[in-house]
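Below: the structure, in structure tokens.
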């Protein structure tokens, strides 16, 4: 048996699996979890793959990309995703997390897949809301959007950021789909003074890129090395990974030169 990961519309990977462990369907999402000899458990959420053995890569990168470029991280908003491991990493800071996800059926089905599921859900500083309107009106230090946002969502979310707040969103991989990344950079650049693409260095099982955006905070100039050194129980993230995440090959520097704002 095998499952197929769509990297781009024209590129696919296949992974051998031993068994299907779970199949859950809701109105808007389909979650399947498989057992794999080489990769442990693999979750397929709407045709996108999550590898249980490597969940820490994205969660550490995104959490500390924001946390280590901000002096304080008091209020965090996570939208359009299910990754509770991201919240687990963010709790290394003295922060409150608002987690917006309407699909409780699918979220609760990750109970055995996310190692810190119960720890996060039971944390007194974690608030799960079905929609943004359910939350108190406030300004955030960090907003993480786990799906590529359109301009209307960007416009709405940026109004919820503090003046020195950071907005991090998922995008297409700059090497695999550079036109999509260009468009995403342009959309964010229309609202922010800083808009820079990055990837997860040495992560070979992903087709994701990301964008760091802010009104004034810079992901490299404002990086605080002492905060990185103070982090405990991290397996992936360090200062070298942080800086390397923003490195682009010569050809992509040329492609994105009119879209990157730094």
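Any Cβ shown, glycine's included, is placed from N, Cα and C.
Listed in Swiss-Prot:
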type     : residues : note
ACT_SITE : 155      : active site, proton acceptor
BINDING  : 29       : S-methyl-5'-thioadenosine binding site
BINDING  : 83       : spermidine binding site
DOMAIN   : 1-249    : domain 'PABS'
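Locations of recorded Swiss-Prot features on the structure.
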residue : record                                 : Cβ within 10 Å
29      : S-methyl-5'-thioadenosine binding site : 16
83      : spermidine binding site                : 22
155     : active site, proton acceptor           : 13
Pairwise Cα distance for residue 83 (spermidine binding site)/residue 155 (active site, proton acceptor) [Å, integer]: 23
Confidence summary for the domain 'PABS' (1-249), mean pLDDT rounded: 96
Cα separation, residue 29 (S-methyl-5'-thioadenosine binding site) to residue 155 (active site, proton acceptor) (Å, whole number): 25
Conformational class of residue 155 (active site, proton acceptor) under the three-state DSSP mapping: helix
